[in-house]
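Q: Mind having a look at this structure? Questions to follow.
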């Protein structure tokens, strides 16, 4: 009859209880004479009680307190005069003692994994005197283990990796399970390992937990990851033992066990012949089942007729072979190329070389397509030379270009004017002959770099470019001149033959043998008694004094003409004037002052006279300034400020008024009656100081005469006014005249008038006045009846 797990545990508890009961006799007090007892101040006596340690089974689940053992003293006669007390770990809280009988019980469930034993002290006291009748003694209650804890993998779950194709028995990882039960008692903590999932690929050693490979040639490309379940079971794996599991993820790492292979045996690509050098023609890739460094490739061209025209390199990111152009393609020269390309692993594993060569080859055919190409010049650069003295229209050189296509279209030439902005050169459109279009000057521009365009006649969009460098050859067309503006001085105390200046010359020309200048004085200056010139024969000359006794009072400045001739063919010359100032010098010959005015001043005006003249000039200027200021104040601007400026100033009020009923806003009679006397008013565009006399009133005369006189009066007033503006101004008169022929039609006057007027003539004015005619005509009585 088989027992279940629970029944088995209960059976073990019962067996443990029986063992504890059988050992109670060892826990009771007994007489012993083997162990003496020493009491302070007394003679040596024998110990009256002793016991061994007690055992208590853990995890007791009963309802009553668990009996642990019994304490008894020989002094106890059973009459109740002895009292037992307990102290130490768990006393009163876990363990209690019957003070009359000495029986010890456990009141709580005990767990050995929490605390394996308890140390307590027992003492027997006289109940009446409460004094110890036996010395205090210490004892231990040990918790006896049962199998109540399953093995646990504290470090799980596990991950591990091994190279693919590893041999059988390769260690993968070691797993470890721990059991909290007592390893010294029974088999509760003895663990055995087994594999529940992961067979037949892996196995585990039962005692050590080391996982190893169980099959050879595990291929990562077929399956790269395995999940294992490992079990640890206590009780040496026997039935009834407790178990725990963990998972182990095993990943196969890659090795270079797969050679590269091209998916196709041949490839074909079409490229135009106009494709520039270094352009990509094609990308090919050999497949490799490996990953990472084991899949890195190397490509090379091993054979074919395009070894010098194409090259192949690897793209490190994609491991593709990139074929690029090394030389220009020409359909007319060759229409196709064939390349034999090999792909191989960069790092091969010697262990797998037996599987075959770790390389593969394929054929790539490149077809060159014809395109309409621009004309090609016979030379990439045309160097030319021309003298700067050449005449306009002379030939400098010739360029030549041709159409590389089979059609061989005629070519026309032109100069890119962006490279010849001044248009110094022309080119014959048909022959390519370059001629001069302007006079050339080497000193302005010594080298001209121009671009010549060659266009196909049949397709002008196809343009080729050629480059021409024209060097201008020098001729002697520039005369020499002083190298700088010299500031030459001569001391008043200079001696005859003293060098006062060393001069040199420059020439814009560049003769092939270098410059050679000759210095001399002009014919007019050769016989002067002041200075001489010495040619040093090294392109320099020295100016020397011929006499002494130079005086600033007599002459402060001398002009010395120097004649310079170059060595060109033909030679050119120039006359340069050297200005020499006479100066007062110190003992070392250093010029102190070269101003001659200090000596001239005493002969003319004195300093006091000059000061007086200056004061008079300043006074005159002040008077003129005052006069101008006064005149400006008298003639103030006609416009006081911007707000009162009536010229071109339109004021908009947006006020519609009250109509005919509004009799307060405007004086209507002033607009109708011209006989109103006009008051004398000051012009708004003149300053208040100037006043005008009152103007005559207007009489009731025909409108055209009134307007003419009104405007004439205003014009005459402006003409005679000395302060009127001398510029055009807009005069606003606001004058309406006498009114219309029909005079006033206002209902205000009609109502206020008692006269009987006849308005029948309104009917003769047309349909626009029909309403008025009906209101004021003969039929008016009927209207208001």
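Glycine is no exception: its Cβ is also placed from the backbone N, Cα and C atoms.
Model, not experiment: these values are computed from the prediction.
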Q: Look up transmembrane segment in TrEMBL and report which of 539-568, 569-598, 599-628 it refers to.
A: 599-628
Q: Counting by DSSP, what is the helix, strand and coil composition of the domain 'Cadherin' (378-482)?
A: 3 helix, 48 strand, 54 coil
Q: Averaged over the domain 'Cadherin' (378-482), what pLDDT does the predicted model reach?
A: 92
Q: Per DSSP, how many helix, strand and coil residues does the domain 'Cadherin' (263-377) have?
A: 10 helix, 56 strand, 49 coil
